[in-house]
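Straight from TrEMBL, the features:
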type	residues	note
DOMAIN	19-224	domain 'Plant heme peroxidase family profile'
BINDING	P61	substrate binding site
BINDING	T92, D144, T147, D152	Ca(2+) binding site
DISULFID	C98-C130	disulfide bond
Amino acid sequence: MLWQLPLGTWLTWKIVRGLCTVDELKLLVSNCTGGRPKMGCAKGKKRWAGFQGFKSCWKPPSGKQKNSQLISLFKSKGLSVLDMVALSGGHTIGFSHCMEFMPGIYSYNKTFDIDPTMNQDYALSLRGPCPRKNLDPTVVALNDVTTAFIFDNAYGGNLQKGLGLLSTDQMLGVDSLTRPYVNIMARDQQIFFNYFVKAMIKMSNIGVKTGSNGEIRSDCGSFNG
Ligand code: HEM
């Protein structure tokens, strides 16, 4: 895996990839330094038996989607544009593989090789570890280039400066439907935390099963039996 330090300094490391279970997410968040949103967990809820953790309970959309598609997807799940922006703030931690953000830094469209809304130095710095040819599929970059291990609102500030790693993140700071929310959350961390917690609770109620369709798990991230 590759570790990205601000704007182009890189160290390589091998790690096992994948933050896939609720417990790992909790562990990561609790290991982060600095402030973090305090979130109550609705216990004893019946979950779909196939729930295997955060990513598989509701597969995150691909990083290549357009903002309008994302908004529709979130709406179809009962989540608002505000929820979408707040939840995307989850990218204040974690990593993304090169393949996920390369569409923004190579052959972006017919006119621009690099997404013109991105900070161009940042985009170029990502090309080093993620070459078009002979790409190492295990290489990853930090989702939050400013404060990678702190659950904070620096991600919002990044989007204001064109430092969004995934195109879906970068677009949030550009599109007039989402930018106002990015600005609010970038300005005030507590507001970001409040919106994030509300949206996470809303999301955790999607697809909750009742009766014999589900099971109440003793361990959030795995089947009982
Ligand atoms: C807006 C919709 C979302 C999109 C399009 C999206 C997309 C992605 C993509 C493409 C990756 C990189 C995966 C990889 O390379 O392995 C990623 C990673 C991640 N996402 Fe999202 N995501 C979304 C929502 C969320 C939400 C709601 C959260 C949490 C609240 C979240 C938390 C994370 C974390 C923590 C990682 C890092 C995983 C790791 O380090 O292995 N994402 N996301």
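Glycine is treated like the rest: Cβ placed from N, Cα and C.
Counting every protein chain shown, the number of other Cβ atoms lying within 10 Å of the Cβ of D144 (Ca(2+) binding site) is 26. Excluding T92, D144, T147, D152 themselves, the residues of that chain whose CB lies within 8 A of the CB mean position for the Ca(2+) site are, in sequence, I93, T146, A148, F149, I150, F151, N153, A154, Y155.
Mean model confidence for the domain 'Plant heme peroxidase family profile' (19-224) is a pLDDT of 82. DSSP assigns T147 (Ca(2+) binding site) to coil in the three-state reduction, outside any helix or strand. A 10 Å cutoff on Cβ-Cβ distances gives C130 (disulfide bond) a total of 21 other Cβ atoms nearby, all chains included.
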